[in-house]
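Enquirer: Got these off TrEMBL a minute ago, pasting:
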- 37-57: transmembrane segment (TRANSMEM)
- 69-92: transmembrane segment (TRANSMEM)
- 98-121: transmembrane segment (TRANSMEM)
- 142-161: transmembrane segment (TRANSMEM)
- 181-202: transmembrane segment (TRANSMEM)
- 209-229: transmembrane segment (TRANSMEM)
- 326-349: transmembrane segment (TRANSMEM)
- 361-380: transmembrane segment (TRANSMEM)
- 484-504: transmembrane segment (TRANSMEM)
- 524-545: transmembrane segment (TRANSMEM)
Amino acid sequence: MATKMASEKSKFDEEKADKSSHRQGGWITFPFLSGSILGVGLAMSGAMSNFLVYLIQEYNVRSIDAAQIVNIISGSLSLAPVAGAIVADAFFGCYSVVAASSAIQLLSLVLFTMTAALKSLRPTPCDVPGTDSCQAASKGQLTVLYSAVALLAIATGGTRFNQATMGASQFDRVEDQAVYFNWFFIFMYISSIVGATAIVYIQDSISWVLGFGLSLGASAVSLVVLLLGTKYYRRPAPQGSPFTGLFRVIVATVRKWKLKLSQATPSYFHGNDDIASPSLSFSLFNRAALISEGDTNQDGSIAKPWKLCTVREVEDFKAVVRVLPVWASAIFLSISIGCQINLSVLQALTMDRSIGPSFSIPAGSMTVPGFLAFVIFLTFLDRILFPIWLKLTHHTPTPLQRIGIGHFINVVSMIASALVERRRAAVISRHQAEVHPGWIVPMSALWLVLPLALQGSAEALHFPGQVALYYQEFPKALKNTSTGMEAVIIAFGFYLSTAFLSILRHMTTWLPDDLNRSRLENVYWLIAILATINFGIYIICAKFYKYQNSVDTEKVAASEISAS
């Protein structure tokens with residue numbers, strides 16, 4: 001009797017577990033994830049959108065120096081998500097990392113608010129910020145400020161692209177994952193727009209304390225919303241370090257360099273994989289799966305893990321290698337974006353930012369046209385252009401096509417920036433204002449909107465395109481890391497843009513501290529030329545790339561057309 005009752009109880013528990021598992025994931029998680037994305041993005045944008053101006057006006061940092069500092073910080077904020085993705089993949093899973101990082105962001109915003117609220121944490125105010133007569137910030141003051149930045153970088157590392165992967169893991173259908181990725185970017189940019197407008201305006205017009213305080217509140221709300229959805233999330237278990245297998249392939253290949261490759265399937269170690277034999281592409285790495293004497297135990301398991309890999313591990317390694325040329329060609333995109341954003345803010349500080357008799361656009365809000373263009377253009381693509389394209393051609397644009405069009409628009413954006421700067425320089429020359437430091441050029445800052453909007457439209461194509469490509473092509477063990485690859489591109493771009501500006505400052509006279517005496521037009525033209533060359537390199541890389549895990553577009557198209 002007891003055995004029967006225990007059996008029935010076990011069966012009941014299994015059915016309950018099945019129902020619970022069935023209830024997890026899906027679109028029910030979307031409101032909680034959306035709230036978390038919006039809150040985290042708003043807090044991040046509110047803290048960093050106006051940070052260049054904060055350094056100049058509150059910490060007496062010179063303009064070009066401030067731009068380079070912000071580029072380094074932006075690079076760190078972009079690179080950190082890669083570490084966060086690795087930690088999520090290897091140890092804790094996405095949910096735990098996102099939750100802990102959201103709490104760290106809250107602590108970061110507390111420090112930011114303190115720097116604005118306590119005068120002892122800032123240097124003495126200066127009438128003309130950025131000049132030699134201004135008092136520099138002390139080491140203690142900078143320590144508190146950069147501690148806040150460091151905590152924000154850690155928080156961003158754990159949230160930004162882990163939120164993307166965590167959301168994608170809630171869905172089984174590739175189409176649902178693609179829709180989620182689009183909404184992820186839309187929410188991320190909407191929060192950036194609100195932070196770069198409303199919060200930046202409050203910082204400029206009311207107080208820095210209130211501005212940072214609102215960011216603090218947004219961070220707190222995002223954490224609460226994330227935790228409220230805990231019971232609904234699908235939480236895949238971490239798979240262990242995703243890079244161990246990659247390094248094992250390299251080591252095993254080197255150790256078996258002198259072995260001759262075989263075409264016979266039994267010569268390769270398969271383990272529990274269902275792959276018949278390794279592919280012929282990058283065949284030199286096939287040596288890592290070749291079985292030699294002493295590589296396996298009597299039960300068929302691997303005896304020397306750093307000398308023998310499975311065919312699956314070799315193919316996973318090849319998948320990463322195939323993507324690298326396309327990935328590398330995207331780095332210069334971020335160099336141009338990093339230069340354009342910060343230089344546009346500096347341009348805006350020298351231009352007429354008034355709209356009407358009583359309103360002035362905060363210089364830190366000049367990034368908003370790019371954010372708006374991103375959201376509008378991505379929505380247009382997702383809701384109008386791509387469905388029409390699908391019905392006419394029975395397939396949607398591939399990730400590589402989207403990235404390529406983004407490259408082209410990026411070049412056009414840099415040309416537009418050069419032409420706008422040419423006009424600004426002409427106005428300065430006409431008024432002979434080069435000898436007047438800090439002179440406000442009688443030219444509307446709205447001229448900067450067009451090139452920034454073009455850049456935002458380019459990002460709406462190449463950023464989601466790259467994330468979709470990496471997520472599609474990377475092996476399962478590297479799904480979290482795949483979405484972080486975009487962050488690496490952005491980080492390298494910001495770091496290299498800092499180096500790029502430093503080289504120009506040392507080798508040319510184009511970038512003095514007073515932007516009205518600069519030759520900024522030449523900088524933009526140089527970037528446009530380099531971007532054009534990079535576009536050509538990308539076309540070559542894309543032409544020779546072959547998809548390994550492409551979705552059956554005809555089946556997807558047929559289902560979507562019938563559904564519509």
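Backbone N, Cα and C atoms are what each Cβ position is placed from, and that goes for glycine too.
TrEMBL annotations: computationally assigned, not manually curated.
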Enquirer: Counting only residues 6 or more past its boundaries, what in the same chain has a CB within less than 8 Å of a CB in the transmembrane segment (69-92)?
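Expert: For the transmembrane segment (69-92), the sequence-distant neighbours (Cβ-Cβ under 8 Å, at least 6 residues beyond its ends) are 44, 48, 51-52, 55, 61, 100-101, 149, 152-154, 156-162, 165, 238-243, 334, 338, 342, 477-481, 483-485, 487-488, 490-495, 497-498, 501.
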Enquirer: Six or more residues beyond either end and a Cβ under 8 Å away: which residues meet both conditions relative to the transmembrane segment (142-161)?
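Expert: For the transmembrane segment (142-161), the nonlocal Cβ contacts are 36, 40, 44, 47-48, 59, 73, 76-77, 79-85, 87-88, 97-98, 100-102, 104-105, 107-109, 111-112, 114-115, 121, 188, 480, 483-484, 486-487.
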Enquirer: Does the structure show the transmembrane segment (37-57) and the transmembrane segment (484-504) touching, where I'm treating 3 or more Cβ pairs under 8 angstroms (sequence separation 6 or more) as a contact?
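Expert: Between the transmembrane segment (37-57) and the transmembrane segment (484-504), contact is absent.
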Enquirer: How about the transmembrane segment (98-121) and the transmembrane segment (209-229): do they have 3 or more C-beta pairs under 8 A, pairs 6 or more apart in sequence?
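Expert: These two stretches do touch.
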Enquirer: Please work out which recorded stretch in 181-202, 209-229, 326-349, 361-380, 524-545 has the most C-beta pairs separated by under 8 angstroms from the transmembrane segment (484-504)?
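Expert: Ranked by Cβ pairs under 8 Å, first place goes to 326-349.
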Enquirer: With a Cβ cut-off under 8 Å, give me the same-chain residues at least six positions beyond the ends of the transmembrane segment (181-202) that come close to it.
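Expert: Apart from its flanks, the transmembrane segment (181-202) reaches 30, 34, 37-47, 49-50, 160, 163-164, 167-168, 210-211, 214-215, 362, 364-365, 367-368, 371-372, 374-375, 378-379, 382, 460, 463-464, 467-468, 471.
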Enquirer: Based on Cβ pairs under 8 Å, which of the stretches 209-229, 326-349, 361-380 lies most in contact with the transmembrane segment (524-545)?
Expert: 326-349
Enquirer: Which sequence positions outside the transmembrane segment (361-380), separated from its termini by at least 6 residues, show Cβ-Cβ distances below 8 Å to it?
Expert: 49-53, 182, 185-186, 189-190, 192-193, 196-197, 200-201, 203-205, 341, 344-345, 348-349, 353-355, 445, 448-449, 452-457, 459-461, 464
